[in-house]
Every structure is written in structure tokens, then in C-alpha cells.
Amino acid sequence: MVVLKQEEVPECLRYLPRNYNFETGKVLRTIRRLGAKRVTLQFPDGLLRYSFVIMDVIEKYTGAECILLNDVVYGGCCIDDESIASDLLVHYGHSCLVPVGEMSTKVLYIFVDIRIDIDHAAEMIRRNFQGKIGVIGTIQFNSSINRLKRVLDEERGGVECTLPQIRPLSSGEVLGCTAPKIEGVSAVISIGDGRFHLEGAMIRNPHLRFYKYCPFSRRMTQESYDHSTMLSDRKSEIRKAFSGRSFGVILGSLGRQGNRSILRSVVDRLKEYDVYLIMLDEISPKKLERYNFIDSFVQISCPRLSIDWGKLFKKPLLTPFEVFYSGGEYLMDYYSREGSGEWKNYR
């Protein structure tokens with residue numbers, strides 16, 4: 001086994017962006033501590049381009065065999081600890097949605113913290129906002145969000161910053177399926193370049209104004225979401241589904257998306273209907289067309305699949321929350337440990 005020398009680290013990692021923290025030293029130390037001989041790596045698409053650099057470093061400095069998992073990774077829910085026998089799985093780019101103690105192998109989460117220009121972000125906020133605001137983002141920007149809060153809070157009488165939280169997520173962290181109810185702020189600013197996770201917070205908080213600060217383009221934009229159309233569409237699908245005679249209940253098998261506890265709750269709720277249990281890795285209109293004898297479906301994988309793409313399916317495709325929904329607020333608490341609900345991963 002080759003021993004890593006400090007002076008060699010910059011040369012080995014020169015192809016990785018300097019503001020992305022892949023915590024390579026931590027990964028190497030963990031492999032050595034465990035004596036791991038086979039290591040599997042899992043990356044979301046946005047980080048996949050850097051995977052082979054990291055694999056080369058691991059193999060060179062530990063002698064471990066590296067295997068790159070090829071299945072698509074939408075989020076921390078897609079962590080795949082069961083597909084291949086290995087001594088360690090390193091999952092990049094997401095927070096710990098599934099506790100490591102529940103895994104079938106040793107797992108190391110690497111958030112891939114992204115450093116941004118805090119001063120520019122703070123100046124953009126000072127120029128455009130007053131009073132109390134909320135700041136949110138994904139785990140990759142979480143440390144930057146906390147630094148941004150400290151910078152803004154240092155100026156008394158200016159903008160007051162709060163980091164909303166829904167446990168077990170970190171303060172300020174949101175997911176496309178899990179976001180807190182935010183109160184007492186005039187606006188919410190999301191730090192990041194995409195909309196998917198921001199939309200989770202927007203769906204949960206239709207009463208608030210949302211903005212996005214992109215640290216790469218250094219632009220601030222106001223974001224909107226058509227809550228009324230979304231809610232109308234989903235209520236219509238719920239009515240159609242419960243007017244039928246049968247349900248196909250799909251347990252997602254992509255990583256850890258499926259939850260058997262939710263499955264049991266959904267099946268019990270639908271006991272007056274004919275229920276067919278189905279297991280699928282990825283759900284698509286074409287795959288469900290094969291089940292022409294089933295009137296409607298419930299998918300236990302990703303709630304946003306139904307919310308965002310439900311219209312592409314010929315038959316209603318409900319989320320677990322919608323099976324129990326009786327009106328009122330549309331919750332986004334799929335991975336929340338707060339409150340109760342038979343549609344949630346944690347109760």
C-alpha cells in the first residue's frame with residue numbers, strides 16, 4: 001500500500017474544482033482504518049465527471065479496488081448499499097437520509113461542500129431585502145449558508161437571517177420531497193443553481209415570496225410556482241383514483257426509495273379495493289401501461305414523480321401522502337422526523 005504524502009495531494013487532485021470539497025483525505029483514512037479491499041462509489045450525475053479522478057487517487061494510495069455504481073442517483077434516497085458486495089460504500093453529494101446503522105455495509109457520506117463568494121451573496125441580499133428573511137439550500141451549500149447568516153447578522157439593524165429547519169435535515173437544508181413550514185419572514189432565498197429542491201419549499205409554503213441566488217452566475221432571480229394548478233391537478237387525480245376498483249401499489253427498488261412500513265400503511269388504507277403489489281426500480285408511463293387491468297397506482301419511491309410528471313401517466317399515480325390526504329395544506333415531509341403521518345419514512 002502506498003502511503004499518501006502531503007506534497008502529492010495537490011498534484012493528484014488538480015483536476016477537481018478547488019471550491020468543491022470531496023474530503024479525499026477523509027475517504028482515504030476511512031478505507032485504511034477499515035482495511036477495505038473493495039470500495040464502491042456513488043455519484044449524482046452532476047458530480048460524475050469527477051469520479052474517475054477520485055477512483056484513481058483511492059486505488060493509487062490505498063490499493064483498494066474501486067467500483068463505480070452506474071444506477072441513476074436522484075438524491076440521498078438512492079443510496080445503494082445492497083447491489084454489490086463491498087467493504088465500503090462512499091456516497092457523494094447528499095446528506096444522510098438513511099442512517100448508516102441501517103445499512104447492509106459500511107457507508108461514508110461525503111456532502112461535497114461547495115464554497116461560494118459569501119461577500120457577493122451578502123451584498124446582493126443587502127441591496128434587495130429588508131427585515132427578516134429565510135435562507136435555504138441543499139447540503140452542498142449548507143456551510144456557505146451558515147457563513148452567510150453570520151455575515152448578515154453582524155450588521156445590526158440590517159437584514160435578519162434565519163435558517164428554517166425540518167429534522168433530521170440540517171438548519172437551512174431542504175429537499176425536493178422534504179421542506180419545513182416557514183413563518184415570520186418576508187421572503188426566502190435559496191442558494192444554488194437548480195430549482196428541484198427549491199420547489200419542495202415553494203410547494204410547502206405557497207404564502208411566501210421565493211428568490212434564488214445562483215453562486216455560479218452570481219445572479220438573483222425571483223422564482224414562482226403555480227400552486228393552484230398543482231393542487232387542482234393532484235386533487236383531481238385523487239378523486240379519479242378512489243373512484244376506481246383497483247390499485248397497484250409500487251414499492252420503489254432504486255436504492256432505498258421504497259419503505260415497507262409505508263407500504264403496509266398504504267395497503268391497509270386501501271383494504272376496500274383490489275390491491276396489486278409491484279416492485280420497480282424506475283417508474284415510467286411505458287412500464288405502467290403493461291398493467292392495463294389496474295385502475296390506479298400509488299408509488300412509494302419519490303413523491304415528486306407524481307407531482308411533477310403525473311400528467312404523463314394515463315392513469316392516476318398517487319403519492320403515499322395523497323392516499324391519506326383529506327384537504328388543507330399539502331405537506332412535503334416525506335423524510336421528516338417531526339409530527340406524525342402514515343405516509344412518512346420516519347414517524
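Backbone N, Cα and C atoms are what each Cβ position is placed from, and that goes for glycine too.
Listed features, source Swiss-Prot:
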BINDING   C77, C177, C302  [4Fe-4S] cluster binding site
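Projection of Swiss-Prot feature records onto the structure.
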{"residue": "C77", "record": "[4Fe-4S] cluster binding site", "DSSP (3 states)": "helix"}
{"residue": "C177", "record": "[4Fe-4S] cluster binding site", "DSSP (3 states)": "coil"}
{"residue": "C302", "record": "[4Fe-4S] cluster binding site", "DSSP (3 states)": "coil"}
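Of the binding-site residues C177, C302, C177 has the largest number of other Cβ atoms within 10 Å of its own Cβ.
For the recorded [4Fe-4S] cluster site, residues C77, C177, C302 set the reference point as the centre of their Cβ atoms, and the other residues of that chain within 8 Å of it by Cβ are Y74, G75, L175, G176, Q257, S301, P303, R304, Y334, Y335.
Spatially close to C77 ([4Fe-4S] cluster binding site) yet at least six residues away along the chain are L97, V98, C177, G255, R256, Q257, C302, Y335, judged by Cβ distances under 8 angstroms.
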